[in-house]
Amino acid sequence: MRKSPGLSDCLWAWILLLSTLTGRSYGQPSLQDELKDNTTVFTRILDRLLDGYDNRLRPGLGERVTEVKTDIFVTSFGPVSDHDMEYTIDVFFRQSWKDERLKFKGPMTVLRLNNLMASKIWTPDTFFHNGKKSVAHNMTMPNKLLRITEDGTLLYTMRLTVRAECPMHLEDFPMDAHACPLKFGSYAYTRAEVVYEWTREPARSVVVAEDGSRLNQYDLLGQTVDSGIVQSSTGEYVVMTTHFHLKRKIGYFVIQTYLPCIMTVILSQVSFWLNRESVPARTVFGVTTVLTMTTLSISARNSLPKVAYATAMDWFIAVCYAFVFSALIEFATVNYFTKRGYAWDGKSVVPEKPKKVKDPLIKKNNTYAPTATSYTPNLARGDPGLATIAKSATIEPKEVKPETKPPEPKKTFNSVSKIDRLSRIAFPLLFGIFNLVYWATYLNREPQLKAPTPHQ
């Protein structure tokens, strides 16, 4: 019996439709299962990477030198301690290297991991040469980041707070500038095994955040990077160095030290305008200003380390102290000559009272009696000459006027000393010249940034 062609076509259409629907129904669950198994794929990749991995061995052991590329992002810089010669810095410290043992193939090109994986693989033993104390942040979890690319390149980032040494040369204090270094390198691997390089060009290898400065007495001018080799008893090591350039702000010290010193010197010179006979007033001026300068000198040194050399501020205070002390010595000199000498100005003359001349007559009972002995001549012979002498001897004596001498000019005190007149001009002039030379020298001087050779 022959089948109808229309029925057979219809049957084949139904079979194709059912097969298509069946295939879709079976395919949809398999795609969902694949998406759900991504975590399984990650786990399998990590397990395969760590299978037989020895984190005690550096990458390329026995074949090549391990290159570690680094860069730093500074989130906070400061404060800086002059007394301890150190500074504090908060950074994101990034290191990148290649480990062929960690190559993988999978649906992803980068594995984004945390600190748990970092503890299972080899990482550089980087330490800070001039670090006094370094802290890795652990709240709420260790602040570490790990990225592994499919070609085995790793990026390892951690957040650190480092308190590092900053050798300071304070000869120009407080107009000084410093280059505070941050030095790091491998602790155990010599340059024949591990070398460090900057990830980018020097200008971009170390970046400071715009709001990262935490400095009150300094301006952060910028930073420079460098690298070098340090020789030690165990070999040669690569050391990466970053210098942060600081310039001190002088405003605080002008208000706290310089202006009080200048005003004290000016106050000491006021005594030149007082009379040299004003001993108590001038003594108070001299002693008070000397004690004030002593107090200022002591307080200015409290915020600085005990260095064996004189700073620019020490020189200024010393000169001011010399001016104040010289003003006191000047008064002592004037007072010395005032007691032992007179200076006649030719104008002030005190008339001298007339001196009484001794009267040849003796005053007795309010009457004058001649001091000569009276005798009676013998007139018996009748000599007319003798009679005349006798007559004259009996005449009453007349009153004798005292002799007077013309008044002589008397020497008087001159209240203004020649030394005072000279000091009124010389002291302010010399102090002004000193200030002009001092400020012109230190403000226009280029700072000498010295950095000692690092050592291990």
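Quick reminder: no glycine exception, Cβ is built from N, Cα and C everywhere.
For reference, Swiss-Prot has these:
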BINDING   R94, T157  4-aminobutanoate binding site
BINDING   W273  3alpha-hydroxy-5alpha-pregnan-11,20-dione binding site
DISULFID  C166-C180  disulfide bond
CARBOHYD  N38  N-linked glycosylation site
CARBOHYD  N138  N-linked glycosylation site
SIGNAL    1-27  signal peptide
TOPO_DOM  28-253  topological domain 'Extracellular'
TOPO_DOM  275-279  topological domain 'Cytoplasmic'
TOPO_DOM  302-311  topological domain 'Extracellular'
TOPO_DOM  334-421  topological domain 'Cytoplasmic'
TOPO_DOM  442-456  topological domain 'Extracellular'
TRANSMEM  254-274  transmembrane segment
TRANSMEM  280-301  transmembrane segment
TRANSMEM  312-333  transmembrane segment
TRANSMEM  422-441  transmembrane segment
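Feature map: annotations from Swiss-Prot on the structure.
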residue: N38; record: N-linked glycosylation site; DSSP (3 states): helix
residue: R94; record: 4-aminobutanoate binding site; DSSP (3 states): strand
residue: N138; record: N-linked glycosylation site; DSSP (3 states): coil
residue: T157; record: 4-aminobutanoate binding site; DSSP (3 states): strand
residue: C166; record: disulfide bond; DSSP (3 states): coil
residue: C180; record: disulfide bond; DSSP (3 states): strand
residue: W273; record: 3alpha-hydroxy-5alpha-pregnan-11,20-dione binding site; DSSP (3 states): helix
Most Cβ pairs under 8 Å with the transmembrane segment (254-274), selected from 280-301, 312-333, 422-441:
280-301
Whole-number Å only: compute the distance from the Cα of R94 (4-aminobutanoate binding site) to the Cα of N138 (N-linked glycosylation site).
17
Cβ distance under 8 Å to C166 (disulfide bond), same chain, sequence separation 6 or more: which residues?
V80, M85, E86, Y87, H178, C180, P181
Folded-back contacts onto the topological domain 'Extracellular' (302-311), same chain, C-beta under 8 angstroms, at least six residues removed:
82-85, 170-174, 318
Tell me, in order along the sequence, which recorded positions from N38, N138, W273 have their CA within 10 Å of T157 (4-aminobutanoate binding site).
none
For the topological domain 'Extracellular' (302-311), how many residues does DSSP put in helix, in strand and in coil?
0 helix, 0 strand, 10 coil
If I restrict to non-local contacts, at least six residues apart, and a C-beta distance under 8 angstroms, what lies near W273 (3alpha-hydroxy-5alpha-pregnan-11,20-dione binding site) in its own chain?
D420, R424
Which ones in the same chain are close to N38 (N-linked glycosylation site), with CB under 8 Å and 6+ residues apart in sequence?
P107
Using all protein chains in view, find how many other C-beta atoms are within 10 Å of the C-beta of R94 (4-aminobutanoate binding site).
17
What mean pLDDT score does the topological domain 'Cytoplasmic' (334-421) have in the model?
55
Determine the most Cβ-crowded residue among the recorded positions N138, T157, using a 10 Å radius around each Cβ and all protein chains in the structure.
T157
